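Right, one structure below, let's go through it.
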Amino acid sequence: MESKNLNGRVLKNRVMKTLFFSATVIALVFLVLLFYRVLSQGWGYLNWNYITSFPAPYPEEAGIWPGMIGSLMLMGVVAVVAVTIGISTAIYLEEYSPKNKLADFIRVNIQNLAGVPSIVFGLLGLTFFVYLFGIGYRLLAGGLTMALLILPVVVVSSQEALRSVPTEVKEASYGMGASKWQTIVRVILPAALPGILTGIILSLSRGIGETAPLIIVGAATAIYTLPDSLLSKYTVMPIQIYKWTARPQEEWQFVAAAGIIVLLIILLLMNAIAVWIRNKYQTRY
């Protein structure tokens, strides 16, 4: 009887292993096919002139420069706002807030906000930043909206990094006469910094690929000047790519594919930096 049960468990294990492996292979096949199609269509259009040129009425003259600069400036605003508020919130929740039901309620809802559809944040940005605060359809409104989008992720990842610092390390700091603030600044934050930076970069890599919130708060589909301030009109790479894909001529699909390659390169670089920071500076306790 025991032998039959053992054989049954072994069979179930093999079946589940085969199913999971098959699902992984299928997903990878579709991903490889997608990358192949994008690379085969866009590689011929990808050159330095394409990267540094402005949108044009003809596909052979079109470029993604305003979208790339707009995306980078937007991420600068997002980083300043989300990092400042996100890390401060995480420090308060982990080190200062009382351990009660209200604090638990706040933590749970911050985690839930990380799963809210991005278009909801776009509507919030339109209501508050564009209309209520009177910023208008400007780069600053887009940056603040995207900061709202990634803020819950920054808070949660920062909390996890702060929580990973062993209690013994904190107590050793207190035992040497350091105050709570000195312990946070000189012990906890340096130890948690690799995890915090990794979470921030991964959050920004999510934000740089978002489209729906920025369409709602008025990012232009094409502009022919670079944004020179936070109150300038702007566009971003995903919206520029979307506009190209909406055109019926086949050549514009190749231009859009080249834009996708540029965006993927930036995303891969951001993720590589996050992995490098984690592996190089993470402290092993």
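Positions of Cβ are set from backbone N, Cα and C atoms, glycine also.
The domain 'ABC transmembrane type-1' annotation in TrEMBL covers 68-273.
Feature annotation from TrEMBL assigns transmembrane segment to 20-39 (among others). The list of residues near the transmembrane segment (20-39) in space but at least 6 beyond its ends in sequence, with Cβ under 8 angstroms from a Cβ of it, reads 257, 260-261, 264.
Cβ atoms under 8 Å from those of the transmembrane segment (64-93) belong to residues 50-55, 103, 106-107, 110, 139-140, 142-144, 146-147, 150-151, 154-155, 158-159, 161-162, 184, 189, 196, 200, 203-204, 207-208, 214, 219, 222-227, 230, 234-241, 258-259, 262, 266 of the same chain, restricted to positions at least 6 beyond its ends. Per TrEMBL, transmembrane segment is recorded for 64-93 (among others).
The annotation transmembrane segment is assigned in TrEMBL to 113-133 (among others).
Per TrEMBL, the feature transmembrane segment maps to 139-162 (among others).
As annotated by TrEMBL, transmembrane segment applies to 183-205 (among others).
Residues or ranges marked as transmembrane segment in TrEMBL: 252-277 (among others). Sequence-remote contacts of a segment are chain residues at least 6 beyond its ends whose Cβ falls under 8 Å from one of its Cβ atoms, and for the transmembrane segment (252-277) they are 37-39, 41-46, 50-51, 59, 62, 64, 67-68, 71, 194, 197-198, 201-202, 204-205, 208-209, 237-238, 240-241, 244-245.
Away from its own ends, the transmembrane segment (183-205) comes close to residues 75, 78-79, 82-83, 86-87, 90-91, 95, 150, 153-154, 156-158, 160-162, 164-165, 169-170, 173-174, 267, 270-271, 273-275, 277-278, 280-283 of its chain (Cβ-Cβ under 8 Å, at least six residues beyond either end).
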